[in-house]
Amino acid sequence: GNHTQPKFILLGITDTPWAQAPLFGLFLLIYIITLAGNVGLMVLVWVAPSLHTPMYFFLAHLSLADVCYSTVISPKMLTDLLFGNKSISWAGCMTQFHLFALFVTAECHLLAAMAYDRHVAICHPLLYVTVVSPRACWQLVAWSYLVASLSALIYTSCTFGGSFCGPRRVNHFFCDASPVLRLVCSDTRGSEAAIFALATANGLGTGAVILLSYGRILHTILGMRSAPSRARAFHTCASHLVSVSVFYGTLFFMYLQPASWHGSRDKVASVFYTVVSPMLNPFIYSLRNKEVKAALGKCRRRM
């Protein structure tokens, strides 16, 4: 099966000819902004000593994950929209899905680490230096990538471990688990159950850490006596929760529903967490902070 028909056909976002050029321009602009925002943030964190703190350490790794999984998806999608050559090899399809699963899972765990970092900083400021030490930061990042690597191996083996037959037309703009599993000839119920269980463990586990952390943060904010400090902290938490809600909401919609429920709406939901969320994260998490603005000003004057 896997060697007699070595190619898949990605049906893409739309098959309407007049819509492909506008979509190409829109997604190209979004991808450029994503690269500029996330790479710029990583470079700024690296060169600015004032940003050598745990919060920006996690933000730099979040930006790295955003750049990686956006680059796994966007260039192929843009090429398909521009040239109409929507074929992808079996190995390329498997590699695309594996890298996507790895960096998206890593982002879930990095978001949980960031929420825990903010929880300690706001709720237990006197213990912050001790609890969130440089060693603890590296351990949390290493744990994120370790769990993501093991999860991606299981996702990929479950998705591509069966025999494919018939026309390999993937009804999506990238190789995702659900549309690929529809092309498998053998019984996929075991694979679907394993993917669902692991996605639930990763998604709900990290989501619970985020909700509990921000719940404690909001409780501490409401107890502040200074109204301006309370307003600033609440505004920051609200913007972070909006970004997390968009990311997790679309992920849960995609991966925590029965296979029979998947349909055309999956493409719209996928656009949010593969294209839109990586573009918004640098602006929501960092570029509105005074520390980042001050570091940018110093770099500009130095240049």
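Keep in mind that glycine also has a Cβ here, set from the backbone N, Cα and C atoms.
The domain 'G-protein coupled receptors family 1 profile' feature in TrEMBL is assigned to 37-285. As annotated by TrEMBL, transmembrane segment applies to 23-48, 55-77, 97-116, 136-155, 193-212, 233-256, 268-287.
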> Would the transmembrane segment (23-48) count as touching the transmembrane segment (97-116), i.e. at least 3 C-beta pairs under 8 angstroms with sequence separation of 6+?
Replying inline: no
> Mind checking which residues reach the transmembrane segment (233-256)? Cβ under 8 Å, same chain, six or more beyond either end.
Replying inline: 104, 107-108, 111, 115, 118, 122, 176-178, 195-196, 199-200, 203, 207, 210, 214, 217-218, 221, 224, 266, 269-270, 272-273, 276-277, 280-281, 284-285, 288
> Apart from its near flanks, which chain residues at least 6 from the ends of the transmembrane segment (268-287) lie with a Cβ under 8 angstroms of it?
Replying inline: 13, 27, 30-31, 33-34, 37-38, 40-41, 56, 59, 62-63, 66-67, 69-70, 73-74, 100, 104, 114, 172-174, 176, 239-240, 242-243, 246-247, 250-251, 253-254, 293
>> With Cβ-Cβ distances below 8 Å as the criterion, list the same-chain residues six or more beyond the ends of the transmembrane segment (23-48) that contact it, or say none.
In response: 13-14, 56-57, 59-60, 63-64, 66-67, 70-71, 74-75, 77-78, 81-82, 275-276, 278-279, 281-283, 286-287, 292, 295-296, 298-299
